[in-house]
Each structure stands twice: as structure tokens, then as C-alpha cells.
Amino acid sequence: MRRLSWFNVTSLTLGFAFLYLPMIVLIVYSFNASKLVTVWAGFSTKWYGELFRNEAFLDAAWVTIKVAVISSTFATVLGTMAAYVLVRGGRFLGRTLFSGMIYAPLVMPEVITGLSLLLLFIGIGLDRGVLTIVLAHTTFSMCYVSVVVSSRLVTFDRSLEEAALDLGASPWESFRLVTLPIIAPAVISGWLLAFTLSLDDLVIASFTAGPSATTLPIKIFSAVRLGVSPEINALSTIMILIVTVGVISASLVSKQSAVRAQKDARAAERTA
Amino acid sequence: MMRRAALIAVPYLWLLVLFLAPFLIVLKISLSDAALAIPPYTPTLKDGIGALISELDFENFVFLTEDDLYWKAYLSSLRIALISTFLTLLVGYPIAYGMAKAPEEWRPTLMMLVILPFWTSFLIRVYSWMGILSNEGLLNQLLTWLGLINEPLTILNTNTAVYIGIVYTYLPFMILPIYAALDRMDSSLNEAAEDLGCSKMQAFWLVTIPLSKNGIIAGSFLVFIPALGEFVIPSLLGGSGTLMIGKVLWEEFFNNRDWPVASAVAVILLLILVIPIVLFQRNQQKQQEAEQ
């Protein structure tokens with residue numbers, strides 16, 4: 001094994017310090033007793049207490065989670081369908097337009113997506129609230145899901161599906177019993193991606209949310225516009241911890257299943 | 001057969017109604033006139049198709065060319081996006097290079113460390129810099145303590161803070177494609193170059209950089225395209241002098257309530273974005289063909 005040169009060690013250390021220091025500072029200062037966020041005045045958890053007594057934040061958090069769960073579920077179903085159509089659908093009328101509409105939202109500036117959806121909702125007279133945010137989030141997340149799922153479908157051995165069909169399965173049975181279990185990891189990571197995108201979205205939600213429903217990013221944005229606040233630091237810390245635990249456990253699970261798949265493959269080779 | 005039609009129709013119709021139709025509405029409103037009505041523009045569908053066609057005009061676009069605020073905003077968005085893309089490349093390349101040279105067993109962990117911030121809230125990552133860059137912030141405290149400065153530097157609410165914010169939040173988009181390109185590279189090519197008399201530095205410029213070109217191009221577009229329409233970073237880290245088109249559109253819509261002008265701003269932003277998006281697609285296609 002070659003050792004890393006001092007240059008590479010330095011660039012990796014500095015690079016990861018740059019990526020992580022701001023978040024570490026945020027976490028440390030969420031335990032600061034002082035209201036002044038830049039002066040350290042001792043350890044305290046009082047901002048967490050204040051946060052959990054803040055009704056407005058709790059309401060917004062509940063709306064955000066509701067929107068994220070519903071929209072990511074719809075987005076996963078629609079996105080998987082779209083991926084299946086793109087990879088397995090063959091030719092049909094307007095295929096180019098369809099694939100264009102799948103890829104365009106990925107590069108569209110959020111301000112434009114938000115503005116255009118708002119104008120649509122006003123045009124058809126739909127009151128802005130949880131429903132409109134769910135519709136908006138489903139639309140842009142389904143495109144991300146479909147990219148993730150179709151990249152898995154492309155590398156997938158089609159003869160497995162054909163074998164199921166030859167053995168008398170209906171197309172739906174072959175999808176449910178053969179295709180779905182194989183693409184399941186991609187579908188799950190698509191769902192997770194859609195969930196985080198929805199949880200995180202400020203711009204599109206600002207356009208499509210009404211006075212009856214405010215999401216957490218909208219609340220955070222209007223609070224931090226006025227400057228740094230220790231309560232927001234506490235909230236950010238909680239969110240960072242949830243994501244960190246989620247991502248690490250998801251990667252451990254997928255690593256385990258990869259190891260299991262390898263074992264199965266080896267066992268299959270031995271018996272063959 | 002029915003099933004296949006339904007499978008195609010459901011996502012298709014969803015995107016037609018919630019993606020394409022909204023765009024046509026933006027396009028239509030950008031050609032309308034502002035009015036003191038609800039909705040605040042004219043003509044609307046209620047006025048009939050005839051009025052709809054005859055009353056549309058390019059007035060708003062003419063207005064955008066006359067008021068130099070918009071010109072300046074487009075140009076300064078382009079400049080900010082270009083400079084920060086370049087800075088992201090300078091910061092990201094050494095990290096990707098270090099990752100590609102790291103021992104095999106470290107790489108999954110390093111990869112995860114690069115991806116993890118991407119899953120963390122964008123808004124929070126931008127916000128985390130506010131406490132660091134402000135006048136009483138940690139950076140100024142550190143520099144004063146080190147004796148490098150006597151008076152605090154004003155960084156927050158300037159373009160410098162915007163550059164830092166963009167580099168920070170979009171860094172993973174730059175690192176990952178470059179790392180992928182470097183990882184695929186055969187290191188014996190560099191050894192061959194050195195055997196043939198190149199210095200380490202020459203081998204890097206003549207072999208490594210050209211072979212990672214596709215990663216550099218892909219990463220640069222992945223940073224440049226979203227940075228151009230960025231709203232959160234200029235509004236939290238930028239100052240009143242930071243002109244970016246995403247912010248102008250937001251203000252035109254929410255503060256001035258001028259829907260036709262906001263729509264015209266959106267249409268032009270899209271037209272500007274078409275060029276880098278097409279170039280990016282072409283680069284990706286070339287890469288895919290090269291891999292096959």
C-alpha cells in the first residue's frame with residue numbers, strides 16, 4: 001500500500017475541515033448559554049427547551065413532515081412508473097417530450113418552478129395550503145426518483161423478467177415478484193431523496209404555501225433573515241443529527257445487503 | 001395493452017398539468033399587462049380567446065431592456081456564477097485528487113463524508129456561515145486574536161460571502177464527478193510519463209488533468225447551472241449591493257407584485273440557461289458513448 005503524500009493529506013484535511021467546521025460550530029453554539037451567539041457564556045440546553053415550547057415552530061414542523069411523507073410517497077410511485085416507461089416502454093407518441101419533462105425539473109431554477117406552479121394554482125382557483133405544497137413537491141421529486149430508479153433499471157438483466165413471463169406470470173406479477181425486489185434499493189433511496197428534498201425546500205414552498213400552512217424552512221428563513229438566533233441553532237442541530245443518523249444507518253443497511261448478495265452469489269456458484 | 005397505456009398516461013398527464021402547463025402560463029403572463037385586478041394582469045382567459053391573442057405584446061421584455069437594473073442583474077448573476085464555479089473547482093479538485101489517491105479501504109468513508117452534507121438542509125448550511133462571517137463572528141475573532149487584523153473585516157453581506165456560500169454548498173457536486181473521473185484513471189499512465197522524463201508536475205498537467213477533463217466539465221456545469229438562479233445564498237449572505245436574478249425575480253413578485261415583469265424575468269433566465277444545459281447534456285452523452 002502506497003502512503004499518501006503530504007500534499008494529499010493536507011488537501012483532504014483542509015477540505016473536510018471546510019465541509020464540516022461550519023456545522024460543528026453551529027452545533028457547539030446551540031449549547032451556548034448567552035443570547036449573543038458569538039460570545040461563549042457556558043454550557044446550557046435552554047434553547048432546546050425554548051424551541052419545544054415554541055408552538056409556531058412545532059406546527060410548522062408537523063406540516064413539513066406531513067408534506068414530506070405524502071409527497072415523497074406519491075413521487076416514488078409516479079417516479080418509478082416514469083422510470084419504467086422510459087427504460088422499458090419502447091416507443092410511444094410524445095416520448096421525447098416525456099423524457100424532456102422528466103429531466104427539465106432537475107436543472108430548473110427553483111424560483112421559476114415555484115412561480116409557475118403558483119400561477120397555475122391561482123389560474124385554476126386552488127386555495128394555497130398543504131395540498132398545493134404536496135402537488136408541487138411531488139412534481140419535482142418524482143423526476144429525481146425516476147432518474148435514480150431508471151439508472152438501476154438500465155443495468156438490470158431483462159432476461160429475468162422474460163423468464164417470469166415465459167413461466168406464465170402476468171406482466172404485473174413479473175413486475176411485483178421479479179423487478180420490484182431487484183430495484184427495491186433504488187426505489188427506497190429514491191423515496192429518501194424525495195423526502196429530504198421536500199423537507200429542505202424553501203423556495204418552491206414559499207411560492208405554493210398559503211397563510212394556512214407554513215413549513216419549517218419558511219419559518220427558519222424568516223427568522224434568520226434578521227440574524228443568527230440560538231433557537232435556530234438548536235433546531236439546526238436536531239435536523240443535522242437526524243440526517244446524520246439516517247444516512248449512516250441507510251448506508252450500513254445497504255452495505256449489509258450488498259455483502260449478503262455477494263454471499264448468495266458465491267453460494268450459487270458453488271452449487272452450480 | 002390497456003395497462004401499458006395507463007402506465008404511460010399517469011406520469012405523463014401529471015407532468016403535462018403540473019410542469020408544462022405552468023410554463024405556458026408564465027409565458028402567457030409575461031406577454032400580458034399588469035392590472036389592478038385579481039389576478040393582477042390582463043387579459044385573462046375570461047376575456048375570450050380573441051382578446052387573449054390580440055392584447056399580448058412584448059412590452060415587458062422591452063421594459064427589461066430599458067431598465068438597466070435587469071441587465072446588471074443578469075450580468076452580475078453570470079459573473080458571480082462563473083467566479084464561484086472557478087473557485088469551487090480550485091477547492092474541489094485537490095479534495096477529489098486526494099480521495100482518488102487514498103487507500104482503497106478509506107474511500108467509501110471519504111465518499112460518505114462528501115455526500116453527507118448534501119443530505120443536510122441547504123438552508124442550514126448557508127445559515128451556518130452567518131455566525132462565522134459577521135463582524136463579531138468567529139472568523140473575525142480568530143483573526144483579531146492571531147493579531148492579523150486590528151479592525152473586523154466586513155465579509156457578511158458582501159459578494160465575498162456569496163462566493164463562500166456557493167463554494168461551500170455546491171462543493172460535493174464538483175468533487176463527485178472529478179473523483180469518478182480520477183478513480184477510473186490508470187495510474188500506470190502517470191508512471192509511464194515519469195519514466196519518459198516528465199517531472200511529477202508535468203505529468204500532472206499533461207496526463208492527469210486532460211484525463212479528468214470530463215469530470216471537470218461535468219462538475220463545473222453542476223455548480224454553474226444552479227448557482228445562476230440561486231436565491232437563498234444571495235439573500236442570506238449577500239448585501240444590498242449583491243444583484244442576482246433569482247433575488248430580483250422574488251422581489252418583483254413578492255414585494256412589487258408585478259406578475260408580468262416577474263414572468264418576463266423568468267422567461268429570459270430560462271433562455272440564458274438553455275445554453276449551459278445543452279452543453280452539459282452533450283458532454284454527458286459524449287462521456288457515455290466513450291464508456292461503451
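Placement of Cβ uses the backbone N, Cα and C atoms for every residue, glycine included.
No curator has checked TrEMBL annotations; they are predicted automatically.
Feature annotations, courtesy of TrEMBL:
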TRANSMEM  A:12-31  transmembrane segment
TRANSMEM  A:60-86  transmembrane segment
DOMAIN    A:61-253  domain 'ABC transmembrane type-1'
TRANSMEM  A:98-124  transmembrane segment
TRANSMEM  A:130-154  transmembrane segment
TRANSMEM  A:175-197  transmembrane segment
TRANSMEM  A:232-253  transmembrane segment
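Here the transmembrane segment (A:12-31) sits apart from the transmembrane segment (A:175-197); fewer than 3 CB pairs are under 8 Å, leaving out pairs fewer than 6 apart in sequence. Counting Cβ pairs under 8 Å that are 6 or more residues apart, the transmembrane segment (A:130-154) and the transmembrane segment (A:232-253) reach fewer than 3 and are not in contact. Long-range contacts of the transmembrane segment (A:175-197) within the same chain, counting only residues at least 6 positions beyond its ends with a Cβ under 8 Å from a Cβ of the stretch, are 68-69, 71-73, 75-76, 79-80, 84, 137, 140-142, 144-146, 148-149, 151-153, 156, 160-161, 164, 169, 243, 246, 250, 254, 257.
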